[in-house]
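A.B. asks: Okay, so TrEMBL annotates it like this:
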- 147-164: transmembrane segment (TRANSMEM)
- 176-194: transmembrane segment (TRANSMEM)
- 206-226: transmembrane segment (TRANSMEM)
- 233-252: transmembrane segment (TRANSMEM)
- 272-292: transmembrane segment (TRANSMEM)
- 304-324: transmembrane segment (TRANSMEM)
- 330-350: transmembrane segment (TRANSMEM)
- 362-383: transmembrane segment (TRANSMEM)
- 434-455: transmembrane segment (TRANSMEM)
């Protein structure tokens, strides 16, 4: 019968891990000694459990006893054995030998199949040790390779899905139409003109300033469409145009007779005990500053679906209540613009089917600034527009902090993860609807407070 010899004596000092036995081989389950180990006349009984139904059927026995007559000096060496005990006559014959010429302490195992295995005639101890260790570690190496391949495949799949999802999102945003302010801003202006009457000087001035800012935003959006890029007008050109509109409006305020319960212009109502403050020429500078700050504030806020439109609608409502004791026509103008924003929100909410663009954002900021400049309600304006002030301030602080740390430390650091502030919240893990909903809650509270401050100031 073919046999295969394997030297195991040299594995005990190395303490190498033993490979798991397969079900197709016979496994020695228990080795017990009836007496103390001696050089001769030591009887050892080995119970063998033959695993595998084919092997059991072929051998026709389950338990065998091996009687060993003697041991070598080294522990673990098995003396010659003549045969295996069997209850039937058809049992196969195997032998254990350590007296051979080729090896010392050999262990012979008969495989299940009938394939002849090559016999090792002159194996070296080192080669057998390395080969046995490699066979023992083969399963673990295969497991490590499988884990490594699985990690690489899963990482590649995750990266593919993320890139595909971002590309799909960018494609959807690219297909979303913009310049939505070209439709709802004129509607708000027209409704205010027809409701308040064409004879209202304040509504005429506020409507003109709103449309002028809408024209600046429209020019910026058109350039973006022509270039097929997000950058339209440069920042400095946009600011210069906004300053020009603010300066024109200040000059119009200075030369036009505006109805006021105080009998004079350039007045700023403040809560008690401050009362009414006359600013003189400084009023004109403050008016220009309001136009630039409000226009850019709303423009910077327009980064999430429904954020700028909802916050602007609440700000218009707060300003409408604040200016009601001073100029009721401007209250109508503010209510009309708020209604136009609410109508636009039906299409601009998450997920938006249309964007207002710079045409809408600059127009909304210009309308809020015009209401404050005609009535002197600058304090309620900055309260009701707190979201816009926060967004613009975050950008300014980010730039100042970065340049200061770069000059002092040599490397610029950022105060926020990203500016404007709503992008910082996104990077912190907040979802877009959560950010917009929180902004609505804050804007509602600020608008109510601004309305209250305007009423007690007037």
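Just so it is clear, glycine is given a Cβ too, placed from its N, Cα and C backbone atoms.
In TrEMBL, annotation is done automatically, which means it is predicted and not curated.
Help me picture these features in the structure, burial and contacts included.
C.D. replies: Tertiary proximity for the transmembrane segment (176-194) is limited to same-chain residues at least six positions away from its ends with a CB under 8 Å from its CB atoms, namely 203-204, 207, 210-211, 214, 217-218, 221, 224-225, 332-333, 336-337, 339-341, 343-344, 347-348, 352-364, 367.
Distant neighbours of the transmembrane segment (206-226): 178-179, 181-182, 185-186, 189, 192-193, 232-233, 238, 241-242, 245, 248-249, 291, 295, 299, 330, 333, 337, 357-363, 365-367, 369-371, 374; these residues of the same chain sit at least 6 beyond its ends, with a Cβ under 8 Å from one of its Cβ atoms.
Residues of the same chain lying 6 or more positions beyond the ends of the transmembrane segment (233-252) and with a Cβ under 8 Å from any Cβ of it are 205, 209, 212-213, 216, 219-220, 223, 283-285, 287-292, 295-296, 362, 366, 369-370, 373.
Residues 209, 213, 239, 242-243, 245-247, 249-251, 253-254, 262, 264-266, 365-366, 369-370, 372-373, 376, 378, 381, 456 of the same chain lie 6+ residues outside the transmembrane segment (272-292) yet bring a C-beta within less than 8 angstroms of a C-beta in it.
Within its own chain, the transmembrane segment (304-324) has Cβ neighbours under 8 Å at 298, 330-335, 337-338, 341-342, 344-345, 348-352, 356, 360-361, 364, 367-368, 371-372, 374-375, 377, 380-381, 383-385, 387-388, 422, 432, 435-436, 439-440, 443-444, 446-451, 453-455, 457-458, counting only residues six or more beyond its boundaries.
Counting only same-chain residues 6+ beyond the ends of the transmembrane segment (434-455), those with a CB under 8 A from a CB of the stretch are 269, 271, 304-307, 310-311, 314-315, 317-319, 321-325, 350, 377, 379-381, 383-387, 422, 425-426.
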